[in-house]
Ligand SMILES: Nc1ncnc2c1ncn2[C@@H]1O[C@H](COP(=O)(O)OP(=O)(O)OP(=O)(O)O)[C@@H](O)[C@H]1O
(Lines of atoms letter the chains of each structure in order from A and count residues from 1; the text may use other names and numbers.)
(Lines give C-alpha, C1' and ligand atoms only; values in the text may rest on other atoms or scores of the structure.)
Protein backbone atom coordinates (compact mmCIF):
# COMPACT_ATOMS: atom_id res chain seq x y z
CA UNK A 1 0.00 0.00 0.00
CA UNK A 2 1.53 3.26 -1.15
CA UNK A 3 0.70 5.13 2.08
CA UNK A 4 2.61 2.64 4.23
CA UNK A 5 5.71 2.52 1.99
CA UNK A 6 7.52 5.60 3.44
CA UNK A 7 7.01 4.20 6.94
CA UNK A 8 8.16 0.72 6.01
CA UNK A 9 11.90 1.04 6.92
CA UNK A 10 11.10 2.21 10.45
CA UNK A 11 8.30 -0.32 10.85
CA UNK A 12 10.65 -3.11 9.74
CA UNK A 13 13.38 -1.84 12.11
CA UNK A 14 10.90 -1.51 14.98
CA UNK A 15 9.48 -4.95 14.16
CA UNK A 16 12.99 -6.42 14.12
CA UNK A 17 13.72 -4.86 17.52
CA UNK A 18 10.57 -6.41 18.96
CA UNK A 19 11.36 -9.73 17.34
CA UNK A 20 14.86 -9.79 18.81
CA UNK A 21 13.37 -8.82 22.19
CA UNK A 22 10.99 -11.77 21.97
CA UNK A 23 13.77 -14.12 20.90
CA UNK A 24 15.77 -12.92 23.88
CA UNK A 25 12.80 -13.78 26.07
CA UNK A 26 12.80 -17.23 24.49
CA UNK A 27 16.55 -17.59 25.09
CA UNK A 28 16.16 -17.19 28.85
CA UNK A 29 14.68 -20.70 29.29
CA UNK A 30 17.64 -22.12 27.39
CA UNK A 31 19.99 -20.43 29.89
CA UNK A 32 17.83 -21.93 32.62
CA UNK A 33 18.17 -25.34 31.02
CA UNK A 34 21.98 -25.11 30.99
CA UNK A 35 21.96 -23.99 34.64
CA UNK A 36 19.66 -26.82 35.70
CA UNK A 37 21.41 -29.50 33.67
CA UNK A 38 24.89 -28.08 34.48
CA UNK A 39 25.85 -26.55 37.83
CA UNK A 40 22.54 -27.23 39.60
CA UNK A 41 22.35 -30.99 39.01
CA UNK A 42 26.08 -31.72 38.71
CA UNK A 43 28.95 -29.80 40.39
CA UNK A 44 26.94 -26.95 41.99
CA UNK A 45 29.50 -24.32 40.80
CA UNK A 46 28.52 -20.90 42.16
CA UNK A 47 30.47 -19.08 39.48
CA UNK A 48 28.45 -20.75 36.74
CA UNK A 49 25.19 -19.85 38.49
CA UNK A 50 26.29 -16.21 38.94
CA UNK A 51 27.38 -16.06 35.31
CA UNK A 52 24.03 -17.45 34.21
CA UNK A 53 22.20 -14.95 36.43
CA UNK A 54 24.26 -12.10 34.97
CA UNK A 55 23.50 -13.33 31.47
CA UNK A 56 19.77 -13.36 32.26
CA UNK A 57 20.12 -9.81 33.64
CA UNK A 58 21.89 -8.58 30.50
CA UNK A 59 19.31 -10.29 28.31
CA UNK A 60 16.51 -8.65 30.34
CA UNK A 61 18.04 -5.17 29.99
CA UNK A 62 18.60 -5.73 26.28
CA UNK A 63 14.99 -6.83 25.88
CA UNK A 64 13.77 -3.66 27.65
CA UNK A 65 15.96 -1.44 25.44
CA UNK A 66 14.65 -3.13 22.31
CA UNK A 67 11.03 -2.69 23.42
CA UNK A 68 11.74 1.02 23.92
CA UNK A 69 13.33 1.15 20.44
CA UNK A 70 10.16 -0.32 18.95
CA UNK A 71 8.02 2.42 20.43
CA UNK A 72 10.44 5.17 19.37
CA UNK A 73 10.79 3.80 15.85
CA UNK A 74 7.16 3.09 15.05
CA UNK A 75 5.14 5.85 16.75
CA UNK A 76 6.34 8.60 14.36
CA UNK A 77 5.76 6.84 11.02
CA UNK A 78 2.39 5.58 12.26
CA UNK A 79 1.09 9.09 12.84
CA UNK A 80 2.73 10.17 9.56
CA UNK A 81 0.88 7.50 7.60
CA UNK A 82 -2.41 8.45 9.27
CA UNK A 83 -1.87 12.10 8.40
CA UNK A 84 -1.00 11.37 4.76
CA UNK A 85 -3.98 9.06 4.33
CA UNK A 86 -6.28 11.64 5.92
CA UNK A 87 -4.93 14.44 3.72
CA UNK A 88 -5.21 12.31 0.57
CA UNK A 89 -8.78 11.38 1.50
CA UNK A 90 -9.75 15.00 2.03
CA UNK A 91 -8.08 16.04 -1.23
CA UNK A 92 -9.96 13.27 -3.00
CA UNK A 93 -13.26 14.29 -1.41
CA UNK A 94 -12.75 17.78 -2.77
CA UNK A 95 -12.01 16.29 -6.14
CA UNK A 96 -15.04 14.03 -6.26
CA UNK A 97 -18.04 15.38 -8.13
CA UNK A 98 -21.11 16.86 -6.48
CA UNK A 99 -23.05 13.77 -7.61
CA UNK A 100 -20.85 11.63 -5.31
CA UNK A 101 -21.58 13.85 -2.31
CA UNK A 102 -25.31 13.81 -3.18
CA UNK A 103 -25.25 10.06 -2.47
CA UNK A 104 -22.93 9.82 0.57
CA UNK A 105 -23.80 10.91 4.09
CA UNK A 106 -21.46 13.51 5.54
CA UNK A 107 -21.09 11.47 8.74
CA UNK A 108 -19.90 8.44 6.78
CA UNK A 109 -17.14 10.51 5.23
CA UNK A 110 -16.29 12.02 8.62
CA UNK A 111 -16.09 8.56 10.15
CA UNK A 112 -13.87 7.38 7.31
CA UNK A 113 -11.44 10.25 7.69
CA UNK A 114 -11.32 10.15 11.49
CA UNK A 115 -12.38 6.87 13.15
CA UNK A 116 -11.37 4.47 10.39
CA UNK A 117 -7.93 5.99 9.89
CA UNK A 118 -7.35 6.10 13.63
CA UNK A 119 -7.97 2.33 13.70
CA UNK A 120 -5.50 1.86 10.85
CA UNK A 121 -2.85 3.91 12.69
CA UNK A 122 -3.30 1.98 15.95
CA UNK A 123 -2.88 -1.25 14.04
CA UNK A 124 0.27 0.00 12.28
CA UNK A 125 1.87 1.27 15.46
CA UNK A 126 0.88 -1.62 17.66
CA UNK A 127 -1.09 -4.42 16.01
CA UNK A 128 1.01 -5.14 12.93
CA UNK A 129 4.33 -5.45 14.73
CA UNK A 130 2.85 -7.33 17.67
CA UNK A 131 1.09 -9.73 15.33
CA UNK A 132 4.25 -10.49 13.36
CA UNK A 133 6.26 -10.80 16.55
CA UNK A 134 3.67 -12.96 18.32
CA UNK A 135 3.33 -15.25 15.31
CA UNK A 136 7.12 -15.52 14.95
CA UNK A 137 7.57 -16.11 18.67
CA UNK A 138 4.98 -18.87 18.58
CA UNK A 139 6.62 -20.50 15.54
CA UNK A 140 10.17 -20.24 16.91
CA UNK A 141 8.99 -21.28 20.38
CA UNK A 142 7.19 -24.31 18.95
CA UNK A 143 10.36 -25.19 17.02
CA UNK A 144 12.43 -24.89 20.19
CA UNK A 145 9.97 -27.01 22.14
CA UNK A 146 10.06 -29.62 19.42
CA UNK A 147 13.86 -29.56 19.46
CA UNK A 148 14.00 -29.67 23.28
CA UNK A 149 11.73 -32.68 23.46
CA UNK A 150 10.14 -34.08 20.27
CA UNK A 151 7.35 -36.06 22.00
CA UNK A 152 6.33 -33.11 24.20
CA UNK A 153 6.63 -30.74 21.25
CA UNK A 154 4.33 -32.97 19.21
CA UNK A 155 1.70 -32.85 21.96
CA UNK A 156 1.88 -29.06 21.76
CA UNK A 157 1.53 -29.12 17.97
CA UNK A 158 -1.52 -31.40 18.12
CA UNK A 159 -3.14 -28.80 20.38
CA UNK A 160 -2.43 -26.16 17.73
CA UNK A 161 -4.68 -27.88 15.16
CA UNK A 162 -8.06 -26.89 16.69
CA UNK A 163 -6.67 -23.42 17.43
CA UNK A 164 -5.80 -22.90 13.76
CA UNK A 165 -9.23 -24.14 12.68
CA UNK A 166 -10.98 -21.86 15.17
CA UNK A 167 -8.75 -18.97 14.06
CA UNK A 168 -9.86 -19.51 10.46
CA UNK A 169 -13.54 -19.45 11.45
CA UNK A 170 -12.99 -16.42 13.65
CA UNK A 171 -11.46 -14.57 10.72
CA UNK A 172 -14.48 -15.33 8.51
CA UNK A 173 -17.03 -14.22 11.12
CA UNK A 174 -15.19 -11.25 12.53
CA UNK A 175 -14.44 -9.77 9.08
CA UNK A 176 -18.17 -9.38 8.45
CA UNK A 177 -19.09 -7.86 11.84
CA UNK A 178 -16.05 -5.56 11.82
CA UNK A 179 -17.17 -4.05 8.52
CA UNK A 180 -20.77 -3.83 9.71
CA UNK A 181 -19.70 -2.02 12.88
CA UNK A 182 -17.70 0.55 10.94
CA UNK A 183 -20.58 1.16 8.53
CA UNK A 184 -23.03 1.55 11.40
CA UNK A 185 -20.67 3.94 13.19
CA UNK A 186 -20.65 5.98 9.97
CA UNK A 187 -24.46 5.96 9.81
CA UNK A 188 -24.59 7.10 13.42
CA UNK A 189 -22.18 9.94 12.67
CA UNK A 190 -24.39 10.91 9.72
CA UNK A 191 -27.39 11.00 12.06
CA UNK A 192 -25.54 13.35 14.47
CA UNK A 193 -24.35 15.54 11.62
CA UNK A 194 -27.80 15.77 10.06
CA UNK A 195 -29.51 16.49 13.39
CA UNK A 196 -27.03 19.19 14.38
CA UNK A 197 -27.32 20.70 10.93
CA UNK A 198 -31.11 20.67 11.12
CA UNK A 199 -31.35 21.54 14.82
CA UNK A 200 -33.60 24.51 14.14
CA UNK A 201 -36.12 22.39 12.26
CA UNK A 202 -36.06 19.68 14.94
CA UNK A 203 -36.66 22.22 17.67
CA UNK A 204 -39.23 24.25 15.79
CA UNK A 205 -41.30 21.15 15.01
CA UNK A 206 -40.70 19.58 18.41
CA UNK A 207 -39.13 16.57 16.72
CA UNK A 208 -36.18 16.26 19.10
CA UNK A 209 -37.65 13.14 20.74
CA UNK A 210 -38.14 11.45 17.37
CA UNK A 211 -34.57 12.24 16.40
CA UNK A 212 -33.40 10.89 19.75
CA UNK A 213 -35.46 7.73 19.31
CA UNK A 214 -33.95 7.13 15.89
CA UNK A 215 -30.48 7.85 17.26
CA UNK A 216 -30.97 5.39 20.12
CA UNK A 217 -32.17 2.75 17.67
CA UNK A 218 -29.06 3.16 15.55
CA UNK A 219 -26.81 3.33 18.62
CA UNK A 220 -28.38 0.07 19.86
CA UNK A 221 -27.76 -1.52 16.50
CA UNK A 222 -24.12 -0.49 16.67
CA UNK A 223 -23.87 -1.73 20.25
CA UNK A 224 -25.32 -5.08 19.14
CA UNK A 225 -22.68 -5.38 16.44
CA UNK A 226 -19.92 -4.36 18.87
CA UNK A 227 -21.17 -7.06 21.24
CA UNK A 228 -21.08 -9.58 18.38
CA UNK A 229 -17.49 -8.55 17.82
CA UNK A 230 -16.65 -8.84 21.50
CA UNK A 231 -18.33 -12.27 21.68
CA UNK A 232 -16.41 -13.56 18.67
CA UNK A 233 -13.18 -12.19 20.11
CA UNK A 234 -13.77 -13.62 23.56
CA UNK A 235 -14.60 -17.04 22.05
CA UNK A 236 -11.29 -16.92 20.25
CA UNK A 237 -9.39 -15.69 23.30
CA UNK A 238 -11.02 -18.40 25.42
CA UNK A 239 -9.92 -21.05 22.93
CA UNK A 240 -6.43 -19.55 22.85
CA UNK A 241 -6.27 -19.82 26.62
CA UNK A 242 -7.76 -23.22 27.39
CA UNK A 243 -6.52 -25.31 24.48
CA UNK A 244 -2.80 -24.55 24.99
CA UNK A 245 -3.23 -24.85 28.78
CA UNK A 246 -4.92 -28.25 28.42
CA UNK A 247 -2.21 -29.31 26.00
CA UNK A 248 0.42 -28.24 28.52
CA UNK A 249 -1.32 -30.21 31.28
CA UNK A 250 -1.16 -33.31 29.07
CA UNK A 251 2.46 -32.47 28.22
CA UNK A 252 3.27 -32.05 31.92
CA UNK A 253 1.97 -35.53 32.77
CA UNK A 254 3.83 -37.01 29.83
CA UNK A 255 6.95 -34.94 30.64
CA UNK A 256 7.14 -36.09 34.24
CA UNK A 257 6.78 -39.68 33.13
CA UNK A 258 9.47 -39.20 30.45
CA UNK A 259 11.81 -37.56 33.01
CA UNK A 260 11.13 -40.31 35.55
CA UNK A 261 11.99 -42.93 32.96
CA UNK A 262 15.09 -40.95 31.89
CA UNK A 263 13.79 -40.39 28.38
CA UNK A 264 14.13 -36.62 28.82
CA UNK A 265 16.50 -34.60 31.03
CA UNK A 266 15.13 -32.47 33.87
CA UNK A 267 16.84 -29.47 32.27
CA UNK A 268 15.01 -30.09 28.99
CA UNK A 269 11.73 -30.45 30.88
CA UNK A 270 12.31 -27.13 32.68
CA UNK A 271 13.29 -25.44 29.43
CA UNK A 272 10.20 -26.85 27.67
CA UNK A 273 7.81 -25.44 30.23
CA UNK A 274 9.72 -22.18 30.60
CA UNK A 275 9.43 -21.75 26.81
CA UNK A 276 5.73 -22.57 27.03
CA UNK A 277 5.38 -19.87 29.71
CA UNK A 278 7.15 -17.31 27.53
CA UNK A 279 4.77 -18.24 24.71
CA UNK A 280 1.62 -17.95 26.81
CA UNK A 281 1.28 -14.20 26.31
CA UNK A 282 1.95 -14.15 22.55
CA UNK A 283 -0.49 -17.04 22.08
CA UNK A 284 -3.21 -15.39 24.15
CA UNK A 285 -2.68 -12.04 22.43
CA UNK A 286 -3.24 -13.60 19.00
CA UNK A 287 -7.04 -13.31 19.31
CA UNK A 288 -6.90 -9.64 20.18
CA UNK A 289 -4.29 -8.94 17.50
CA UNK A 290 -6.28 -10.77 14.82
CA UNK A 291 -9.36 -8.74 15.79
CA UNK A 292 -7.34 -5.55 15.59
CA UNK A 293 -6.02 -6.54 12.17
CA UNK A 294 -9.52 -7.26 10.88
CA UNK A 295 -10.82 -3.95 12.29
CA UNK A 296 -7.99 -2.13 10.53
CA UNK A 297 -8.77 -4.03 7.37
CA UNK A 298 -12.42 -2.95 7.51
CA UNK A 299 -11.21 0.65 8.04
CA UNK A 300 -8.78 0.38 5.13
CA UNK A 301 -11.46 -1.09 2.86
CA UNK A 302 -13.77 1.82 3.67
CA UNK A 303 -10.94 4.27 3.01
CA UNK A 304 -10.17 2.58 -0.32
CA UNK A 305 -13.87 2.57 -1.29
CA UNK A 306 -13.69 6.34 -1.42
CA UNK A 307 -10.13 6.86 -2.58
CA UNK A 308 -10.60 4.37 -5.46
CA UNK A 309 -13.67 6.22 -6.71
CA UNK A 310 -12.44 7.83 -9.89
CA UNK A 311 -13.65 11.43 -10.10
CA UNK A 312 -16.16 11.32 -12.93
CA UNK A 313 -15.42 14.97 -13.67
CA UNK A 314 -11.67 14.58 -14.00
CA UNK A 315 -9.63 16.97 -16.11
CA UNK A 316 -9.18 15.92 -19.74
CA UNK A 317 -5.92 14.17 -20.65
CA UNK A 318 -5.09 16.93 -23.14
CA UNK A 319 -6.86 20.06 -21.89
CA UNK A 320 -7.64 22.94 -24.20
CA UNK A 321 -6.93 26.48 -22.98
CA UNK A 322 -9.89 28.82 -22.88
CA UNK A 323 -9.36 31.60 -25.43
CA UNK A 324 -8.47 34.97 -23.91
CA UNK A 325 -11.55 36.87 -22.77
CA UNK A 326 -13.01 38.58 -25.85
CA UNK A 327 -13.42 42.36 -25.52
CA UNK A 328 -17.19 42.23 -25.81
CA UNK A 329 -17.63 39.41 -23.31
CA UNK A 330 -17.87 35.65 -23.32
CA UNK A 331 -20.35 33.61 -25.33
CA UNK A 332 -22.01 30.67 -23.61
CA UNK A 333 -23.88 28.05 -25.56
CA UNK A 334 -25.90 25.04 -24.43
CA UNK A 335 -26.22 22.70 -27.36
CA UNK A 336 -28.90 19.99 -27.19
CA UNK A 337 -28.10 19.52 -23.49
CA UNK A 338 -29.53 16.46 -21.76
CA UNK A 339 -29.17 15.56 -18.13
CA UNK A 340 -30.35 12.85 -15.73
CA UNK A 341 -29.20 12.86 -12.10
CA UNK A 342 -28.63 9.11 -12.01
CA UNK A 343 -28.13 6.68 -14.89
CA UNK A 344 -31.48 5.36 -16.03
CA UNK A 345 -33.54 7.97 -14.16
CA UNK A 346 -35.86 10.36 -15.97
CA UNK A 347 -34.08 13.20 -17.75
CA UNK A 348 -34.44 16.59 -16.06
CA UNK A 349 -33.17 18.37 -19.17
CA UNK A 350 -34.28 16.96 -22.50
CA UNK A 351 -32.46 18.79 -25.25
CA UNK A 352 -31.83 22.34 -24.08
CA UNK A 353 -30.62 24.76 -26.73
CA UNK A 354 -29.68 28.18 -25.43
CA UNK A 355 -27.20 30.87 -26.41
CA UNK A 356 -26.03 33.66 -24.13
CA UNK A 357 -24.48 36.33 -26.31
CA UNK A 358 -21.28 38.05 -25.07
CA UNK A 359 -22.00 40.29 -22.11
CA UNK A 360 -25.67 39.39 -22.07
CA UNK A 361 -27.66 38.79 -18.90
CA UNK A 362 -30.18 36.02 -19.36
CA UNK A 363 -32.85 35.18 -16.82
CA UNK A 364 -33.97 31.58 -16.56
CA UNK A 365 -37.59 31.15 -15.58
CA UNK A 366 -39.54 27.96 -15.03
CA UNK A 367 -41.76 26.18 -12.56
CA UNK A 368 -40.35 24.85 -9.33
CA UNK A 369 -38.53 21.60 -10.01
CA UNK A 370 -38.29 22.29 -13.73
CA UNK A 371 -34.50 21.94 -13.67
CA UNK A 372 -33.25 25.54 -13.49
CA UNK A 373 -30.66 24.90 -10.78
CA UNK A 374 -29.58 21.74 -12.53
CA UNK A 375 -29.07 23.60 -15.79
CA UNK A 376 -27.13 26.33 -14.04
CA UNK A 377 -24.76 23.85 -12.44
CA UNK A 378 -23.76 22.43 -15.81
CA UNK A 379 -21.98 25.66 -16.76
CA UNK A 380 -19.27 25.54 -14.03
CA UNK A 381 -19.34 21.75 -14.57
CA UNK A 382 -20.54 20.81 -11.12
CA UNK A 383 -22.31 18.05 -13.02
CA UNK A 384 -21.51 16.78 -16.49
CA UNK A 385 -24.13 16.77 -19.21
CA UNK A 386 -25.36 13.29 -20.10
CA UNK A 387 -25.93 14.43 -23.67
CA UNK A 388 -25.08 17.46 -25.81
CA UNK A 389 -22.52 20.05 -24.72
CA UNK A 390 -21.96 23.30 -22.84
CA UNK A 391 -19.58 25.65 -24.64
CA UNK A 392 -17.77 28.69 -23.24
CA UNK A 393 -16.36 30.85 -26.02
CA UNK A 394 -16.72 27.87 -28.34
CA UNK A 395 -14.83 25.44 -26.09
CA UNK A 396 -16.61 22.45 -24.54
CA UNK A 397 -16.36 22.83 -20.74
CA UNK A 398 -15.26 19.18 -20.57
CA UNK A 399 -12.16 20.02 -22.63
CA UNK A 400 -10.72 22.64 -20.26
CA UNK A 401 -9.22 22.07 -16.83
CA UNK A 402 -11.57 22.57 -13.92
CA UNK A 403 -9.15 25.17 -12.59
CA UNK A 404 -9.38 27.25 -15.78
CA UNK A 405 -13.14 26.85 -15.96
CA UNK A 406 -13.70 27.88 -12.37
CA UNK A 407 -11.46 30.89 -12.86
CA UNK A 408 -13.79 31.96 -15.66
CA UNK A 409 -17.20 31.03 -14.22
CA UNK A 410 -18.41 32.15 -10.77
CA UNK A 411 -21.52 30.96 -9.00
CA UNK A 412 -23.86 32.21 -6.27
CA UNK A 413 -26.32 29.65 -5.00
CA UNK A 414 -29.78 30.35 -3.66
CA UNK A 415 -28.80 28.71 -0.37
CA UNK A 416 -25.53 30.51 0.25
CA UNK A 417 -22.89 28.52 2.07
CA UNK A 418 -20.23 30.53 3.86
CA UNK A 419 -17.25 29.13 5.73
CA UNK A 420 -16.22 29.70 9.33
CA UNK A 421 -13.80 32.44 8.34
CA UNK A 422 -13.91 36.23 8.22
CA UNK A 423 -16.28 37.98 5.81
CA UNK A 424 -13.19 39.21 3.99
CA UNK A 425 -11.81 35.67 3.49
CA UNK A 426 -15.22 34.43 2.38
CA UNK A 427 -15.41 37.16 -0.26
CA UNK A 428 -11.83 36.54 -1.39
CA UNK A 429 -12.64 32.88 -2.06
CA UNK A 430 -14.13 34.21 -5.29
CA UNK A 431 -10.75 35.51 -6.50
CA UNK A 432 -8.39 32.94 -8.07
CA UNK A 433 -5.38 32.36 -5.79
CA UNK A 434 -2.78 33.25 -8.43
CA UNK A 435 -4.47 36.58 -9.02
CA UNK A 436 -4.63 37.25 -5.29
CA UNK A 437 -0.91 36.52 -4.97
CA UNK A 438 -0.12 39.27 -7.47
CA UNK A 439 -2.25 41.92 -5.73
CA UNK A 440 -1.10 44.46 -3.19
CA UNK A 441 -2.79 44.65 0.19
CA UNK A 442 -4.57 47.81 -0.95
CA UNK A 443 -5.85 46.17 -4.13
CA UNK A 444 -7.17 43.22 -2.14
CA UNK A 445 -8.96 45.61 0.24
CA UNK A 446 -10.46 47.40 -2.75
CA UNK A 447 -11.71 44.15 -4.27
CA UNK A 448 -13.46 43.24 -1.00
CA UNK A 449 -14.91 46.72 -0.55
CA UNK A 450 -16.23 47.00 -4.12
CA UNK A 451 -17.71 43.50 -4.11
CA UNK A 452 -19.49 44.15 -0.82
CA UNK A 453 -20.69 47.53 -2.10
CA UNK A 454 -22.18 46.01 -5.24
CA UNK A 455 -23.92 43.39 -3.14
CA UNK A 456 -25.21 46.16 -0.84
CA UNK A 457 -23.54 44.39 2.06
CA UNK A 458 -22.86 47.59 4.03
CA UNK A 459 -24.08 45.80 7.18
CA UNK A 460 -20.67 44.09 7.27
CA UNK A 461 -19.02 47.31 8.43
CA UNK A 462 -21.31 47.39 11.44
CA UNK A 463 -20.26 43.89 12.54
CA UNK A 464 -17.98 43.83 15.65
CA UNK A 465 -14.77 43.47 13.64
CA UNK A 466 -16.07 44.77 10.31
CA UNK A 467 -14.94 42.66 7.36
CA UNK A 468 -12.67 40.73 9.69
CA UNK A 469 -15.61 39.36 11.68
CA UNK A 470 -15.68 35.59 11.63
CA UNK A 471 -19.12 34.52 10.50
CA UNK A 472 -19.39 31.23 12.40
CA UNK A 473 -19.82 27.79 10.97
CA UNK A 474 -21.61 27.98 7.59
CA UNK A 475 -22.10 31.69 8.21
CA UNK A 476 -24.87 30.94 10.70
CA UNK A 477 -24.21 34.10 12.68
CA UNK A 478 -25.62 36.09 9.73
CA UNK A 479 -29.21 36.33 8.55
CA UNK A 480 -30.26 34.57 5.36
CA UNK A 481 -30.32 37.83 3.40
CA UNK A 482 -26.92 38.86 4.79
CA UNK A 483 -25.40 35.51 3.86
CA UNK A 484 -26.89 35.81 0.40
CA UNK A 485 -25.25 39.19 -0.10
CA UNK A 486 -21.83 38.01 1.10
CA UNK A 487 -22.15 35.02 -1.25
CA UNK A 488 -23.04 37.39 -4.08
CA UNK A 489 -20.00 39.54 -3.25
CA UNK A 490 -17.89 36.36 -3.37
CA UNK A 491 -19.25 35.52 -6.83
CA UNK A 492 -18.49 38.93 -8.29
CA UNK A 493 -15.18 39.58 -6.45
CA UNK A 494 -13.14 37.69 -9.04
CA UNK A 495 -14.65 39.61 -11.96
CA UNK A 496 -15.55 36.36 -13.73
CA UNK A 497 -16.23 36.13 -17.44
CA UNK A 498 -19.41 34.22 -16.75
CA UNK A 499 -21.63 34.64 -13.73
CA UNK A 500 -24.17 32.02 -12.76
CA UNK A 501 -26.68 33.14 -10.15
CA UNK A 502 -29.39 30.98 -8.62
CA UNK A 503 -32.11 33.36 -7.54
CA UNK A 504 -29.53 35.49 -5.72
CA UNK A 505 -32.00 38.01 -4.29
CA UNK A 506 -34.66 35.65 -2.95
CA UNK A 507 -33.98 36.42 0.73
CA UNK A 508 -33.83 40.21 0.38
CA UNK A 509 -36.46 42.77 1.28
CA UNK A 510 -37.76 44.97 -1.50
CA UNK A 511 -35.59 47.99 -0.64
CA UNK A 512 -32.36 46.00 -0.32
CA UNK A 513 -33.25 44.06 -3.44
CA UNK A 514 -33.54 47.32 -5.37
CA UNK A 515 -30.10 48.42 -4.09
CA UNK A 516 -28.48 45.12 -5.02
CA UNK A 517 -30.19 45.10 -8.41
CA UNK A 518 -28.81 48.56 -9.07
CA UNK A 519 -25.29 47.51 -8.07
CA UNK A 520 -25.49 44.30 -10.07
CA UNK A 521 -26.62 46.11 -13.21
CA UNK A 522 -23.37 48.06 -13.14
CA UNK A 523 -21.25 44.97 -12.63
CA UNK A 524 -23.12 42.75 -15.04
CA UNK A 525 -22.44 45.06 -17.96
CA UNK A 526 -19.87 43.06 -19.90
CA UNK A 527 -20.24 39.90 -17.81
CA UNK A 528 -22.24 37.13 -19.42
CA UNK A 529 -24.76 36.12 -16.79
CA UNK A 530 -27.29 33.38 -16.37
CA UNK A 531 -29.63 34.10 -13.48
CA UNK A 532 -32.47 31.96 -12.19
CA UNK A 533 -35.42 34.23 -11.50
CA UNK A 534 -38.62 33.55 -9.63
CA UNK A 535 -39.66 37.18 -9.38
CA UNK A 536 -40.16 39.96 -11.85
CA UNK A 537 -37.72 42.07 -9.89
CA UNK A 538 -34.93 39.57 -10.61
CA UNK A 539 -36.02 39.34 -14.23
CA UNK A 540 -35.45 43.09 -14.32
CA UNK A 541 -31.71 42.39 -14.25
CA UNK A 542 -31.86 40.52 -17.53
CA UNK A 543 -31.58 41.58 -21.16
CA UNK A 544 -33.54 38.50 -22.22
CA UNK A 545 -35.44 35.71 -20.54
CA UNK A 546 -35.40 31.97 -21.32
CA UNK A 547 -38.38 29.83 -20.32
CA UNK A 548 -37.62 26.30 -19.15
CA UNK A 549 -40.57 24.02 -19.56
CA UNK A 550 -40.67 20.26 -19.38
CA UNK A 551 -36.88 19.97 -19.75
CA UNK A 552 -36.67 22.19 -22.81
CA UNK A 553 -36.36 25.90 -23.56
CA UNK A 554 -39.71 26.86 -25.01
CA UNK A 555 -39.20 30.58 -25.35
CA UNK A 556 -36.45 33.19 -25.37
CA UNK A 557 -37.09 36.89 -25.56
CA UNK A 558 -37.66 40.11 -23.73
CA UNK A 559 -39.76 40.00 -20.61
CA UNK A 560 -42.49 42.15 -22.09
CA UNK A 561 -42.68 40.12 -25.30
CA UNK A 562 -42.82 36.82 -23.44
CA UNK A 563 -45.40 38.15 -21.05
CA UNK A 564 -47.52 38.96 -24.05
CA UNK A 565 -46.89 35.86 -26.12
CA UNK A 566 -45.92 32.96 -23.87
CA UNK A 567 -48.75 31.57 -21.75
CA UNK A 568 -46.45 29.32 -19.68
CA UNK A 569 -44.17 32.25 -18.86
CA UNK A 570 -47.13 34.30 -17.83
CA UNK A 571 -48.41 31.41 -15.72
CA UNK A 572 -45.02 30.86 -14.04
CA UNK A 573 -44.51 34.46 -13.01
CA UNK A 574 -48.13 34.88 -11.95
CA UNK A 575 -48.13 31.58 -10.10
CA UNK A 576 -45.00 32.55 -8.17
CA UNK A 577 -46.65 35.45 -6.36
CA UNK A 578 -49.12 38.27 -6.66
CA UNK A 579 -46.49 40.85 -7.39
CA UNK A 580 -44.59 38.57 -9.69
CA UNK A 581 -46.36 39.51 -12.86
CA UNK A 582 -45.75 43.14 -12.15
CA UNK A 583 -44.51 44.58 -15.44
CA UNK A 584 -41.06 46.10 -15.64
CA UNK A 585 -40.79 49.84 -16.02
CA UNK A 586 -41.52 50.52 -19.66
CA UNK A 587 -43.56 47.37 -20.07
CA UNK A 588 -46.76 48.87 -18.78
CA UNK A 589 -48.41 49.07 -22.15
CA UNK A 590 -47.79 45.46 -23.02
CA UNK A 591 -48.88 44.28 -19.58
CA UNK A 592 -52.04 46.26 -19.90
CA UNK A 593 -52.69 44.55 -23.21
CA UNK A 594 -52.25 41.14 -21.63
CA UNK A 595 -54.42 42.00 -18.68
CA UNK A 596 -57.34 42.97 -20.88
N1 LIG B 1 -29.11 15.67 -6.43
C2 LIG B 1 -30.22 15.26 -7.03
N3 LIG B 1 -30.43 13.95 -7.23
C4 LIG B 1 -31.53 13.50 -7.87
N5 LIG B 1 -32.49 14.32 -8.36
C6 LIG B 1 -32.34 15.63 -8.18
C7 LIG B 1 -31.19 16.18 -7.51
N8 LIG B 1 -31.30 17.52 -7.51
C9 LIG B 1 -32.45 17.81 -8.12
N10 LIG B 1 -33.08 16.69 -8.53
C11 LIG B 1 -34.34 16.59 -9.27
O12 LIG B 1 -34.16 17.32 -10.46
C13 LIG B 1 -35.32 18.06 -10.76
C14 LIG B 1 -34.92 19.52 -11.01
O15 LIG B 1 -34.44 20.06 -9.81
P16 LIG B 1 -33.86 21.55 -9.78
O17 LIG B 1 -33.34 21.80 -8.42
O18 LIG B 1 -32.93 21.74 -10.91
O19 LIG B 1 -35.20 22.40 -10.03
P20 LIG B 1 -35.39 23.97 -10.00
O21 LIG B 1 -36.10 24.32 -11.24
O22 LIG B 1 -34.13 24.67 -9.72
O23 LIG B 1 -36.36 24.09 -8.75
P24 LIG B 1 -36.56 25.34 -7.76
O25 LIG B 1 -37.18 26.44 -8.55
O26 LIG B 1 -37.52 24.79 -6.76
O27 LIG B 1 -35.24 25.69 -7.19
C28 LIG B 1 -36.27 17.89 -9.62
O29 LIG B 1 -37.27 16.96 -10.03
C30 LIG B 1 -35.45 17.30 -8.51
O31 LIG B 1 -36.20 16.36 -7.78
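Just so it is clear, glycine is given a Cβ too, placed from its N, Cα and C backbone atoms.
Because the structure is a prediction, the values reported are computed rather than measured.
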Correct range for transmembrane segment (source TrEMBL, candidates 153-170, 171-188, 189-206): 153-170
Checking distant contacts: for the transmembrane segment (123-147), what same-chain residues at least six beyond its ends satisfy Cβ-Cβ under 8 A? 4, 7, 11, 14-15, 18-19, 21-23, 25-26, 30, 70, 74-75, 77-79, 81-82, 153-154, 156-157, 160, 272, 275-276, 278-279, 282-283, 285-286, 289-290, 292-293, 295-296
Remote residues contacting the transmembrane segment (48-69) - C-beta distance under 8 A, at least 6 residues beyond either end: 13-14, 17-18, 20-21, 24-25, 27-28, 31-32, 34-35, 38-40
